[in-house]
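Participant: Below, the features straight out of Swiss-Prot:
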- H70, H72, K168, D284: Zn(2+) 1 binding site (BINDING)
- K168: N6-carboxylysine (MOD_RES)
- K168, H201, H224: Zn(2+) 2 binding site (BINDING)
- R170: site 'Transition state stabilizer' (SITE)
Amino acid sequence: MISGEQAKPLLITNVKPVAFGVEHSDATTDILVGKDGSISAIGKSLNAPADVERVDGKGAWISPGWVDLHVHIWHGGTDISIRPSECGAERGVTTLVDAGSAGEANFHGFREYIIEPSKERIKAFLNLGSIGLVACNRVPELRDIKDIDLDRILECYAANSEHIVGIKVRASHVITGSWGVTPVKLGKKIAKILKVPMMVHVGEPPALYDEVLEILGPGDVVTHCFNGKSGSSIMEDEDLFNLAERCSGEGIRLDIGHGGASFSFKVAEAAIERGLLPFSISTDLHGHSMNFPVWDLATTMSKLLSVNMPFENVIEAVTHNPASVIKLSMENRLSVGQRADFTIFDLVDADLEATDSNGDVSRLNRLFEPRYAVIGAEAITASRYIPRARKLVRHSHGYSWR
């Protein structure tokens with residue numbers, strides 16, 4: 001069904017599969033999804049029931065449903081989060097991973113009011129700090145050891161292990177002050193106990209990006225990997241670049257996490273030119289970054305494409321790669337009997353001015369344009385975010401355009 005109420009079979013026609021494996025070519029195909037949301041047939045000119053809903057892909061690409069590994073969607077529970085509907089299916093994203101908006105003290109609310117009602121699949125990294133991002137940066141969640149309750153974190157995970165995929169630590173002096181790298185060490189210990197990955201936000205030192213990488217292990221995630229902040233850019237320090245390159249090769253996941261302050265065109269282009277690609281592309285979408293400069297996942301993907309990240313790698317970075325972090329199987333995703341979970345999109349010629357987190361401007365001449373998110377038997381019409389007129393607003397760091 002197309003954003004409807006009652007489930008009907010869904011016939012998707014004239015789409016080109018990508019990122020489903022070598023057995024699928026560039027030729028177009030049709031996909032029939034049953035009322036129960038599982039794929040019932042794949043091929044050309046399929047016989048479909050009389051009551052079928054039809055979506056004509058018009059030659060668009062179809063991939064596994066896009067995964068955004070870093071968003072903030074505890075709307076109403078934090079002062080920074082947006083609604084899942086603002087960055088999910090209506091933007092072509094079928095899986096959203098909240099990056100530490102909730103801590104152990106309020107995760108139950110996030111589960112009840114955000115995860116359970118949402119049509120998108122929602123997973124979460126649990127914030128190491130008990131309060132999460134209730135009053136983001138105004139009331140930092142990791143000021144000292146009193147902000148961390150190990151026993152309650154373990155209890156929270158035990159009660160919500162189907163939703164929590166890891167531990168999140170923000171390692172930046174804006175949050176931790178002079179506490180440095182200690183929260184990262186504590187977070188890593190807890191992640192080891194729980195046998196889950198840790199995602200670490202790197203930013204204004206301390207802690208140093210170098211120190212963080214030395215603590216992480218295979219499967220862990222460093223988000224904001226291509227930030228342009230002084231003292232935290234991999235392109236201003238050859239030793240740091242070499243360390244990041246080595247850690248990436250050893251299985252530490254470099255995640256974009258664009259956000260309002262954490263992505264640089266110059267850093268990304270230089271790193272990719274030297275062969276260091278991000279493992280995953282994510283937005284760090286929240287109320288202070290959506291309207292400017294991030295917009296959505298499709299635009300963020302387009303930014304990486306513009307700095308010469310290959311098309312196939314861009315798609316992998318929003319499907320298979322982030323899915324592996326949250327233990328979401330992508331095996332045989334386009335097979336009869338599998339639940340339908342797709343993004344239908346075009347890659348179009350464009351001439352769009354886009355800005356990174358440092359204020360540097362680039363023109364995007366190729367754009368990912370989401371058309372539909374397919375979740376079970378429902379095809380939700382999708383599009384990129386169209387920014388509103390910006391205004392100068394005051395916030396925890398001073399003033400900025402939003």
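Each Cβ is built from the backbone N, Cα and C atoms, and glycine gets one as well.
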Participant: Could you check what DSSP calls H72 (Zn(2+) 1 binding site) once collapsed to helix, strand or coil?
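Facilitator: Where H72 (Zn(2+) 1 binding site) sits, the three-state DSSP reduction gives coil.
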Participant: With every protein chain in view, how many other Cβ atoms are within 10 Å of the Cβ of K168 (Zn(2+) 1 binding site)?
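Facilitator: K168 (Zn(2+) 1 binding site) is surrounded by 31 other Cβ atoms within 10 Å.
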Participant: Rounded to a whole angstrom, what is the C-alpha distance between R170 (site 'Transition state stabilizer') and H201 (Zn(2+) 2 binding site)?
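Facilitator: About 5 Å separate the Cα atoms of these two residues.
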Participant: Can you check which residues sit near H72 (Zn(2+) 1 binding site), meaning Cβ under 8 Å from its Cβ, same chain, 6 or more apart in sequence, and list them in order?
Facilitator: T78, I80, S81, I82, D98, A99, S101, L133, D284, L285, H286, G287
Participant: Check H224 (Zn(2+) 2 binding site) against DSSP and tell me helix, strand or coil, would you?
Facilitator: coil
Participant: Measuring Cα to Cα, tell me the gap between H201 (Zn(2+) 2 binding site) and K168 (Zn(2+) 1 binding site) in whole angstrom.
Facilitator: 8
Participant: Determine the Cβ neighbour count for R170 (site 'Transition state stabilizer'): the number of other Cβ atoms within 10 Å of its Cβ.
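Facilitator: Within a 10 Å radius of the Cβ of R170 (site 'Transition state stabilizer') lie 29 other Cβ atoms.
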Participant: Tell me, if you would, which residue among H70, H201, H224 (binding-site residues) has the fewest other CB atoms within 10 Å in the structure shown?
Facilitator: H201
Participant: In the same chain, which residues outside the set K168, H201, H224 have their CB within 8 A of the centroid of the CB atoms that define the Zn(2+) 2 site?
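Facilitator: Once K168, H201, H224 are set aside, the remaining close residues are H70, A99, G100, V169, R170, A171, M199, V200, V202, G203, V222, T223, G257, D284.
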